[in-house]
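Written out below as structure tokens is the structure these notes cover.
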Amino acid sequence: RARERRARFVGKNGACNVAHKNIREQGRFLQDVFTTLVDLKWPHTLLIFTMSFLCSWLLFGMVWWLIAFAHGDLDHSTRMQRDPGEGASGSLDSFVPCVTSIHSFTSAFLFSIEVQVTIGFGGRMVTEECPAAILVLIVQNIVGLVINAIMLGCIFMKTSQAHRRAETLIFSKHAVIALREGKLCFMLRVGDLRKSMIISATIRMQVVKKTASLEGEVVPLNQIDIQMENPVGGNSIFLVSPLIIYHVIDKNSPLYDISPVNLHHHEDLEIIVILEGVVETTGITTQARTSYLADEILWGQRFVPIVAEEDGRYSVDYSKFGNTVKVPTPSCTARQLEEDKSIM
């Protein structure tokens with residue numbers, strides 16, 4: 001019967017499969033409100049976006065209504081509506097309201113919206129009768145600008161997050177192990193679907209597995225860096241076309257004692273690949289991730305070529321991006337292969 005598959009540490013789409021529980025210091029998230037808003041899901045962000053404006057309009061609508069009530073604007077407005085002829089006789093001509101045309105809380109709420117979003121329909125306006133009203137006008141404008149800056153900045157950051165660019169950075173579904181230059185190598189293919197490049201792109205790999213120390217301490221997710229090679233040398237890559245990234249399995253490699261027979265018995269083995277770089281068009285640093293479990297590593301296979309020269313330019317056939325072919329490969333560990341070479 002097949003072994004139960006272990007939980008991934010990093011998903012194929014790059015998402016980290018880690019749940020944070022029992023966090024006691026929840027207040028730390030409020031110390032960085034902007035990042036917290038950006039990290040929220042879209043429904044929650046849009047709800048906060050809407051409620052921030054509605055609450056500010058209602059709050060200042062109540063303030064404008066209280067100013068009008070305290071100054072007697074509402075009573076004057078009621079009398080004018082009941083006896084419209086009195087204004088012509090001159091008994092009410094001398095009265096100047098703090099805000100014209102405010103008759104109720106509804107009109108005060110409408111005036112609050114006009115002030116904060118600077119619509120200015122012209123039916124309501126602040127007069128110089130009440131200095132407090134002028135002060136509230138200034139405060140509401142400042143508050144409105146702050147809310148606009150925070151909310152629009154949050155929406156902009158969510159729509160331009162770095163992981164959006166990572167959606168067009170692709171990795172082969174399977175990794176392979178085969179001979180290259182006479183040595184067993186762990187290989188994968190990486191490519192970029194966009195024409196705009198990733199500047200200063202670097203790639204690194206880690207093996208994540210359960211280990212135990214000499215003192216008996218169990219480390220459930222021990223992360224071990226593994227040395228990798230690529231066609232241009234070092235960790236930097238020029239990702240203008242798909243590249244095959246490989247790791248030479250030598251005596252310093254965590255895969256040194258793995259053979260095709262026991263490969264799929266390493267149910268705790270997971271190899272994580274991390275690609276980082278700067279997006280050419282936006283200047284934002286992005287990171288793409290994927291992982292390979294033991295049953296996603298194909299022994300004795302090699303990736304087929306997908307770059308060809310056509311009409312004076314190079315053409316990439318992405319339909320063959322993950323295709324592999326079988327090649328002669330020793331069915332032994334890298335340790336045994338080196339020992340056999342040393343004997344010969």
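Cβ from N, Cα, C; glycine included.
Copied from TrEMBL, the annotated features are:
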{"type": "DOMAIN", "residues": "10-161", "note": "domain 'Potassium channel inwardly rectifying transmembrane'"}
{"type": "TRANSMEM", "residues": "46-67", "note": "transmembrane segment"}
{"type": "TRANSMEM", "residues": "132-156", "note": "transmembrane segment"}
{"type": "DOMAIN", "residues": "169-341", "note": "domain 'Inward rectifier potassium channel C-terminal'"}
Within-chain partners of the transmembrane segment (132-156) [C-beta distance under 8 Å, separation at least 6 from its ends]: 34, 37-38, 45, 48-49, 52-53, 56, 60, 63-64, 67, 98-99, 112, 115-117, 126
Confidence summary (mean pLDDT) of the domain 'Inward rectifier potassium channel C-terminal' (169-341): 86
